[in-house]
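What TrEMBL says about this one:
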- 47-299: domain 'G-protein coupled receptors family 1 profile' (DOMAIN)
- 6-23: transmembrane segment (TRANSMEM)
- 35-55: transmembrane segment (TRANSMEM)
- 67-91: transmembrane segment (TRANSMEM)
- 103-126: transmembrane segment (TRANSMEM)
- 146-169: transmembrane segment (TRANSMEM)
- 219-236: transmembrane segment (TRANSMEM)
- 248-272: transmembrane segment (TRANSMEM)
- 278-301: transmembrane segment (TRANSMEM)
């Protein structure tokens, strides 16, 4: 049962808690469904922590490319931890309640890490552009101080973009009979539609955040790869072209893995309300769970230095 509600004003209502949902229509088998989810969360945390340890402990990986990869891995750890507690609570223990303020906090971090990941992928595309178009100046352009400033700018951008969102939600009057969320976590478009008030400002600000972060980032990534492709095609040797392009394959795959589910999820929330609840749930899980799982696999398969460093970490742990 939900805790009793208290009213500050009879015309203004905010729930003490929301009711989350796992896989709609499959509540009876949530225990079984929790097994693959637990496995994916374990893989995501293990793989990304291995990358962080490998880069930290391997002096040959102390290069801009691998520093940006560490930022991506750290972001994936944060994104995983943002949804892991509530998702496993719902699937494993049937604990579906999340407090109103706790929901806003989770939503802030979830969306912030998504913005950070988008920004890191953009920074990685800039890294590849500099490395391919002007390799002789690569080390002088992307110095440690520049990388630190880029990292700080990425975090500041995400925090400033998402900071108003919880306050815009707290001003809304919510419906007492609309406390059931569509996911096992708090997602901004889902939470704001529980309100019984005009949410025009919330919709437009949400759209602004999406376009000013992921929208601009995706366009700049495309532009950087147009310039990279132009540079690669200008190389004299076919072998050099293949070698240069191979350095970009991991990043291209990571971009697809992140942006395609993200765009799909945004479109479904805005234009796919007629779709079944299970479609909304599955797309959301693909967007939030799959990239942190696949990114370490992509980079360990396509990057020999990362693969060898990760294997050394595993062997060292095994010997300990």
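Quick reminder: no glycine exception, Cβ is built from N, Cα and C everywhere.
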Considering the transmembrane segment (248-272), which listed stretch of 67-91, 103-126, 278-301 counts the most C-beta pairs under 8 Å: 278-301
Intrachain neighbours beyond the transmembrane segment (146-169), with Cβ under 8 angstroms and 6 or more residues off its ends: 64, 67-68, 71, 104-105, 107-108, 111-113, 115-116, 119-120, 123, 188, 191-192, 195, 201-202, 205-206, 209, 212-213
Long-range Cβ neighbours of the transmembrane segment (278-301) (under 8 Å; 6 or more residues past either end): 21-26, 37, 40-41, 43-44, 47-48, 50-51, 69, 72-73, 76-77, 79-80, 82-83, 110, 117, 182-183, 185, 187, 250, 253-254, 257-258, 261-262, 264-265, 268-269, 272, 307, 310
Beyond the flanks of the transmembrane segment (103-126) by at least 6 residues, Cβ under 8 Å: 17-18, 65, 68-69, 71-72, 75-76, 78-79, 82-83, 86, 150, 154-155, 157-159, 161-163, 165-166, 169-170, 185-188, 191, 209, 213-214, 217-218, 220-221, 224-225, 228, 251, 254-255, 258-259, 262, 288, 291
